[in-house]
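To keep things clear, I will list the structure first and then write my remarks on it.
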Amino acid sequence: MAKLYEAVTFKDVAVIFTEEELGLLDPAQRKLYRDVMLENFRNLLSVGGKIQTEMETVPEAGTHEEFSCKQIWEQIASDLTRSQDTTISNSQLFEQDDNPSQIKARLSTVHTREKPFQGENCKQFFSDVSFFDLPQQLYSGEKSHTCDECGKSFCYISALHIHQRVHMGVKCYKCDVCGKEFSQSSRLQTHQRVHTGEKPFKCEQCGKGFRCRSALKVHCKLHMREKPYNCEKCGKAFMHNFQLQKHHRIHTGEKPFKCEICGKSFCLRSSLNRHCMVHTAEKLYKSEKYGRGFIDRLDLHKHQMIHMGQKPYNCKECGKSFKWSSYLLVHQRVHTGEKPYKCEECGKGYISKSGLDFHHRTHTGERSYNCDNCGKSFRHASSILNHKKLHCQRKPLKCEDCGKRLVCRSYCKDQQRDHSGENPSKCEDCGKRYKRRLNLDIILSLFLNDI
């Protein structure tokens, strides 16, 4: 009996899958297997025992791309070198209810490579019942361990422990390239693909590549056009529940993400992150041709399309072309007459949210854009940009009829209407026509004030 309590090496009691057995698992299941192996090993360290550091044999790596046996054992070996303990007794490796014959039988299967346990789904044989249970739970989808914070369920307690790092804010994994930290190794691996440009997950329908499987799943729903989540207020449909929850903030006005520097609030965390780069002046994306920096990749792409002159989105009604599908969508409302954005003050409708926001300032009198040179205030960012050109005497546009230099495109249009006599803005009450829509709006506002 005393012999059963002698010290042994970790490999004497560890049971691993062969490369053939690992070949039956997809990358996510292989990662879970690795995490379970590492978690079990760390649990052995945590009970205060000791483990011998010698690793006499390491299984050869197979042809699998992710997490071969060799990689798993190398991870365990690295943990061993960080540990100050060196041995653990057999009495700590097994449950108290195990009798000597059960312990002896379990150890003997490792040395003899006997595999008495067969999986019902995969028909593979395993040397230990605990590893027989691993694929059984993977196939059955049983998730008995639930997170108290968010309610998410997991097959294994070790997977739950890894998930709980997200709530605790523990970030053990650091990117060697940019220094960004992550709570899970899988998230670090996905992030590293940003630097390498690797996109291993391909769409079978269009061939588009993605860095992670979840992004591919979202993309595939675009082909299926499946949008099961509907907004009760406006009827807009979404592919995912989290998209619907974000959309609800438009109706409620909730802005939970606040900038610590200037106090500005945002509906989305991504919008806050983008805004914070304005304060840090961090522009990660550079134009190779012109050297101009941008906060995110989308802005760089928009800038490049300006120089290339690409306008792939065409209106079927009038033939007008646009750089972005969102611009085309807004433009089509001109033809359909749809004005989904309504002013609560006066009931006036607009085809875009930016148009409604601009209109709101006529009611509030807000002029949030101030000129540093003369102190003049403006309602819109584009107005102050055009105004600043007056101070620097910059007039990039030229009238084709008279050659007059002008500050902005709207002034150029006004000048051309002077030559042509065109007055496109018409008052519906009196029939009088105006050169600019702004002039008509001013007259209408004065008329309403008199009433």
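Cβ coordinates come from backbone N, Cα and C, glycine included.
Straight from Swiss-Prot, the features:
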type    : residues : note
DOMAIN  : 8-85     : domain 'KRAB'
ZN_FING : 145-167  : zinc finger
ZN_FING : 173-195  : zinc finger
ZN_FING : 201-223  : zinc finger
ZN_FING : 229-251  : zinc finger
ZN_FING : 257-279  : zinc finger
ZN_FING : 285-307  : zinc finger
ZN_FING : 313-335  : zinc finger
ZN_FING : 341-363  : zinc finger
ZN_FING : 369-391  : zinc finger
ZN_FING : 397-419  : zinc finger
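Remark: the zinc finger (313-335) contacts the zinc finger (341-363), by the rule of 3 or more CB pairs under 8 A.
The zinc finger (341-363): residue composition by secondary structure is 11 helix, 4 strand, 8 coil, according to DSSP. Under 8 Å from some Cβ of the zinc finger (173-195) lie the Cβ atoms of residues 31, 162-163, 165-166, 211-212, all in the same chain and six or more residues away from its ends. Mean model confidence of the zinc finger (341-363) amounts to 83 (pLDDT, 0 to 100 scale). Each residue of the zinc finger (257-279) gets a DSSP state, and the totals for helix, strand and coil are 11 helix, 4 strand, 8 coil.
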